[in-house]
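Trainee: Dropping a structure here in structure tokens format, bear with me for questions.
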Amino acid sequence: MDAPGDPEGPRLPRGDDPPGNARETPRQLSREQLFVLISAASINLGSMMCYSILGPFFPKEAEKKGVSNTVTGMIFGCYALFDLLASLVFGKYLVQIGAKFMFVAGMFVSGGVTILFGVLDQVPEGPIFIAMCFLVRVADAVSFAAAITASFSILVKAFPNNVATVLGSLEIFSGLGLVLGPPLGGFLYQSFGYEVPFIFLGCIVLLMVPLNVYILPNYDSDPGEHSFWKLITLPKVALIAFVINSLSSCFGFLDPTLSLFVLEKFNLPAGYVGLVFLGLALSYAISSPLFGLLSDKIPHLRKWFLVWGNIITAGCYMLLGPIPVLHIKSQLWLLVLILVLNGISAGMSIIPTIPEILSCAYENGFAEGLSTLGLVSGLFSAMWSVGAFIGPTLGGFLYEKIGFEWAAAVQGLWALTSGLTMGLFYLWEHSRRRRSKLQNIVGTEEERTALLPDEI
């Protein structure tokens with residue numbers, strides 16, 4: 001295998017390549033690859049801890065400041081909206097800005113604004129508090145968009161033949177961040193008050209900055225000719241983007257709603273509410289490396305993971321309340337079990353998306369360099385952000401209007417629609433390829449028949 005920084009290094013295998021000859025990778029990681037993994041793990045852990053820390057206690061804290069559930073949902077959702085806009089910009093100009101600088105600068109700014117979020121309880125209640133929440137949340141979104149977009153691109157550049165395996169393995173750290181964030185935030189909030197969780201996590205992120213300045217390698221590349229528009233207008237990429245939207249919306253829906261539902265339904269203290277999120281995060285972190293490995297070893301399984309992962313997710317959201325028409329009593333053990341299944345189905349659906357987009361991009365003439373990787377990672381972050389904006393915003397609104405049970409069922413319909421749509425596309429693609437293959441065989445036979453008299 002060529003060095004990770006070599007622009008002529010091995011490319012990501014096509015989705016239809018046989019698994020046997022797709023990968024010839026060394027048994028040991030190079031020093032450069034190890035450093036890339038450490039850097040990516042640090043941003044995955046830090047970003048997910050900072051993102052998930054709000055869930056257990058911020059909705060209640062916002063209520064004290066006179067903020068409605070709908071506005072709280074918008075505070076959660078605005079992160080995703082500006083993450084969307086920033087990801088598109090950073091993905092487009094990744095080569096010009098520099099992947100390493102974008103990564104380190106994004107992490108530094110994010111640590112600072114996380115600390116600022118911890119002093120918002122000193123702000124007067126009402127419109128001023130709401131405005132400051134939006135302002136700090138937007139700054140955090142832009143900074144992490146820079147770091148995550150650069151991180152994805154660097155990872156795929158360093159591991160071109162094992163994209164799903166590496167991304168899946170690093171989701172352990174994303175899951176760990178989701179696991180540690182809510183209970184740690186709930187514990188620190190109960191023990192020391194509102195400020196300490198944010199100051200503590202912000203300092204952890206800032207401590208990671210000098211480490212990444214030292215160990216993260218530089219990757220140089222030439223700007224590409226293609227754009228986000230050309231990428232997203234590829235039918236397969238557009239449908240995968242819809243899948244990413246639905247999955248991120250499902251995750252985002254839980255932020256402003258699940259903690260309130262658990263507090264109201266089961267009367268748990270804030271510190272224990274964070275443990276409810278544990279089932280989702282832990283199962284996602286454990287299952288993701290397995291699905292990543294299978295996606296790389298057996299590429300044709302990726303399409304089935306995408307389809308069935310969404311369908312299972314839809315079923316989970318129907319049972320999360322559960323939906324009243326099922327006449328199933330809501331119980332804490334059932335809720336945790338459904339969240340565990342949801343974590344597994346999410347890993348099944350999310351991990352194959354980037355390899356599938358990359359395969360489609362390369363098949364349609366995109367250059368194999370850092371420029372294309374920036375477009376793909378920016379697109380993934382942007383599409384994830386669309387759903388992560390709609391999920392909590394719509395979730396907070398529906399929670400107020402129709403209750404958690406029906407709101408979760410509505411959210412499940414989105415995942416069901418994306419799964420079925422993706423399945424129909426793959427069936428159409430399979431039948432088109434079969435027709436094309438048959439036409440080639442018939443054409444070859446006709447040529448042979450036409451040549452036979454001359455040969456005789």
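Using the three backbone atoms N, Cα and C, a Cβ is placed for every residue, glycine included.
TrEMBL annotations: computationally assigned, not manually curated.
Annotation comment: TrEMBL describes 8-17 as compositional bias 'Basic and acidic residues'. The domain 'Major facilitator superfamily (MFS) profile' annotation in TrEMBL covers 36-435. What TrEMBL lists as region 'Disordered' is 1-27. Taken from TrEMBL, the feature transmembrane segment applies to 34-54, 74-94, 101-120, 126-156, 163-184, 196-216, 237-254, 274-293, 305-326, 332-354, 366-386, 406-428.
Could you tell me the structural context for the features on the list?
Mentor: For the domain 'Major facilitator superfamily (MFS) profile' (36-435), the model gives a mean pLDDT of 82.
Residues 4, 76, 79, 103, 107, 110-111, 114, 140, 144, 147-148, 151, 154-155, 158-159, 166, 170-171, 173-178, 180-182, 184-185, 197-198, 201-202, 204-205, 208, 211-212, 215-217, 255, 277, 281 of the same chain lie 6+ residues outside the transmembrane segment (34-54) yet bring a C-beta within less than 8 angstroms of a C-beta in it.
For the transmembrane segment (74-94), the residues of the chain that approach it from at least six positions outside its boundaries are 51, 54, 62, 67, 102, 130, 133-134, 137-138, 140-142, 144-146, 148-150, 153, 227-228, 248, 252, 255-256, 370-371, 373-379, 381-393, 396, judged by C-beta separation under 8 angstroms.
Outside the transmembrane segment (163-184) by six or more residues, the chain places 12, 37, 40-42, 44-53, 55-56, 152, 155-156, 197, 201, 271, 273-275, 277-278, 280-282, 284-286, 288-293, 295-296, 302, 343, 347, 350-352, 354-355, 358 with a CB less than 8 A from a CB of the stretch.
Sequence-remote contacts of a segment are chain residues at least 6 beyond its ends whose Cβ falls under 8 Å from one of its Cβ atoms, and for the transmembrane segment (237-254) they are 55, 76-77, 80, 231, 277, 280, 306, 310, 313, 317, 342, 346, 349-350, 353, 356-357, 360-361, 379-380, 383-392, 394-395, 407-408, 411-412, 414-415, 417-419, 421-422, 425.
Long-range contacts of the transmembrane segment (305-326) within its own chain (CB-CB distance under 8 A, at least 6 residues past either end) are made by residues 240, 243, 246-247, 250, 291, 294-295, 334-335, 338-339, 341-342, 344-353, 356, 403-406, 408-409, 411-416, 418-420, 422-423, 426.
Same-chain neighbours of the transmembrane segment (332-354): 152, 156, 163-164, 167-168, 171, 175, 240, 243-244, 247, 250-251, 262, 266, 276-277, 279-285, 287-288, 290-292, 295, 302-303, 305-306, 308-310, 312-313, 316-317, 319-320, 322, 376-377, 380, counting only residues six or more beyond its ends whose CB sits under 8 Å from a CB of the stretch.
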Trainee: Please give the sequence-distant neighbours of the transmembrane segment (406-428): residues at least 6 beyond its ends with Cβ less than 8 Å from one of its Cβ atoms.
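Mentor: That would be 235-236, 239-240, 242-243, 245-247, 249-250, 253, 257, 303, 306-311, 313-318, 320-321, 323-324, 391, 394-395, 398-399.
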Trainee: Residues sitting near the transmembrane segment (126-156): Cβ under 8 Å, six or more positions beyond its termini, same chain?
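Mentor: Distant contacts of the transmembrane segment (126-156): 12, 36, 39-40, 43-44, 47, 50-51, 62, 65-67, 71, 74-75, 78-83, 86-87, 90-91, 94, 99-100, 102-103, 105-110, 113-114, 116-117, 120, 163, 166-167, 170, 216-217, 219, 354, 358, 370, 373-374, 376-378, 380-381, 385.
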